[in-house]
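Here is what TrEMBL records for this protein:
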BINDING   Cys100, His236, His240, His246, Met254  Zn(2+) 2 binding site
BINDING   His173, His195, His208  Zn(2+) 1 binding site
BINDING   Asp187, Gly188, Asp210, Glu213  Ca(2+) 3 binding site
BINDING   Glu213  Ca(2+) 1 binding site
DOMAIN    112-279  domain 'Peptidase metallopeptidase'
REPEAT    467-513  repeat 'Hemopexin'
SIGNAL    1-15  signal peptide
Amino acid sequence: MVLFLFFTAVKSSDGDWHGHPRTEGDVNINNYLEKFGYLASAEADSGLRLDSNGPLIAETSLTSASHTNEALIKFQEFYNLPADGTLNQETLALINTPRCGVRDNPTAYRVHTNKWSKTNLKWYFSLATNEMKELAQKAFDQWESVSKLKFEFNSNKPDILISFANMPFQHNHNSRCQKGVCSNSFDGKGNILAHGFFPNNDECLGIHFDKSENWYFGELGNTPDGQTNFYTVLLHEIGHTLGIEHSANDKAIMYAYYKGVGDKLTQDDVWAIQYLYGIPERSKYESIPTTTTTTTTSTTTKKPITLTPRKTDSLPDLCSLSETINTFLIANHKLYIFYKKYVWIVNLKDMSYDNKPKLITDYLTFLPDNFQEISQIYQRPDGTILLTTNNLYYIIDFPSFVVKNGFNGRSITSLGVPSGKKINAIFSTYSGQTYIFYDNTMFIEFDECLFRPKKHGMIVELFSSIPSNVDKAFRYINGQIYFFKDNNYYEYHEFLQTTKSYKFDLSIFGIKCSIIDKIMILLNKLK
């Protein structure tokens, strides 16, 4: 049996960062997987262990060993590790990393059930030095800069109170905030680092740091060995107090595993906070100058500062778009309209959208430099997104848009599409099937669980009332599937197997503009 250092990690529901090393011959992988939500507790009690070299050591039944293997594969898939069901080097390295002990969830990030009902929040740092307060101010400023939240340093009835625990074990809440003994105990240097509490009916929340830790309060991005970066941990804990749980994106501040220095919010963190509190209102002073401006002062003589207007490419306007839309996706109450290199995002709750499109590559940063357009896109039953471009497909987590390990541009032939053939549409049904239309006449029924083709056939045999050579398709929440061909769309009722056809233009999605008063008509029908 190989001996190795194992980093146990546990967390209360309030969000602790902690972990303490212990040396053992075996890892009780069952307890680890149960603790973090991959294995039911009854299965974890079986006492299965996983040798550090990889194979499972079954102390009970083969069924329990099978459950453990399945759970380990789920864990590996979630963290984009080689998913072979063994304790390979990559998996072992991650398990030996300090982490928050909150149970994982198979989404890139998730938000807590509670959030603040107000957007103006006060914070205070008890007994802090100026250096500590400056770091805290920078951390709150980051969260404020990407959301509608406003933070104020104020000792009078703060909403968020930061403090150091004076005792290594149980400690009291600060009298300014929660009362009594904190439910989360510290256990001395090298273990629990800090914990923060999720929002609870706008009550004052605490962020507690273990005073016995060797904290580094210096320059960001330069933490000496043997010290813990205070700013990184605080930025993470503030996220918890705002209602954000953990992310599976290893670049995110809210990533479950502590990886040392991380001083900037990632897009994953930004999406989480904006989901809860909205995007910041753009200041009228933030506009880019369009004329040459000369700046002078009355106290010193300086050369004039010339501001050159920023060159911008001509952007397509959704309301005057005459070319064919490539495809669209409906996910998480949002409609994504894809056209060439651009995407419009429509909020289906209030039909609001920005007429200025976003670059697709701003979201899908993994796409190649020669990217031109998304051909097909759909949401799989497990919540991930599969998209195709240039005869390659990608699978990404949603809503983080992080590409999954092993699916960063694979040939569509591995989906069962014959070489040289084009995919016309991909969609999944409410009854559990996924279909790939290709070569204008053929379909593949695709097994999402085994991730392989299940059956080939003629489209006309499956959907006799729609054209075989459709351009795109999507499934809506009402159980109906919508197929598109040229200037028409076909509404297919999956259970009644009936079809209605309509003239297509963008107004059917409810976008209110002079040319397209009709993506709302469709949505009203879809309710």
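Note: Cβ is positioned from N, Cα and C throughout, glycine not excepted.
Across the binding-site residues listed here (His195, His240), the residue whose Cβ sits among the most other Cβ atoms within 10 Å is His195. Among the binding-site residues His195, His236, His240, His246, the ones whose Cα sits within 10 Å of the Cα of Asp210 (Ca(2+) 3 binding site) are His195, in sequence order.
When other Cβ atoms within 10 Å of the Cβ of Asp210 (Ca(2+) 3 binding site) are tallied across all protein chains shown, the result is 27.
The secondary structure of Glu213 (Ca(2+) 3 binding site), as reduced to three states from DSSP, is coil rather than helix or strand. For the pair His246 (Zn(2+) 2 binding site) and His208 (Zn(2+) 1 binding site), the Cα-Cα distance reads 18 Å.
Take the CB of Glu213 (Ca(2+) 3 binding site) and look out to 10 A: across all protein chains shown you find 20 other CB atoms.
Here the C-alpha separation of His195 (Zn(2+) 1 binding site) and His236 (Zn(2+) 2 binding site) works out to 10 Å.
On the backbone, the CA of His240 (Zn(2+) 2 binding site) and the CA of His208 (Zn(2+) 1 binding site) stand 12 Å apart. In the three-state DSSP reading, His195 (Zn(2+) 1 binding site) counts as strand. His236 (Zn(2+) 2 binding site) and His208 (Zn(2+) 1 binding site) have their C-alpha atoms 12 Å apart, to the nearest angstrom.
If you take the Cα of Met254 (Zn(2+) 2 binding site) and the Cα of Glu213 (Ca(2+) 3 binding site), they are about 21 angstrom apart, rounded to a whole number. In the three-state DSSP assignment, the secondary structure recorded for Met254 (Zn(2+) 2 binding site) is coil. In the three-state DSSP scheme, His246 (Zn(2+) 2 binding site) falls into the strand class.
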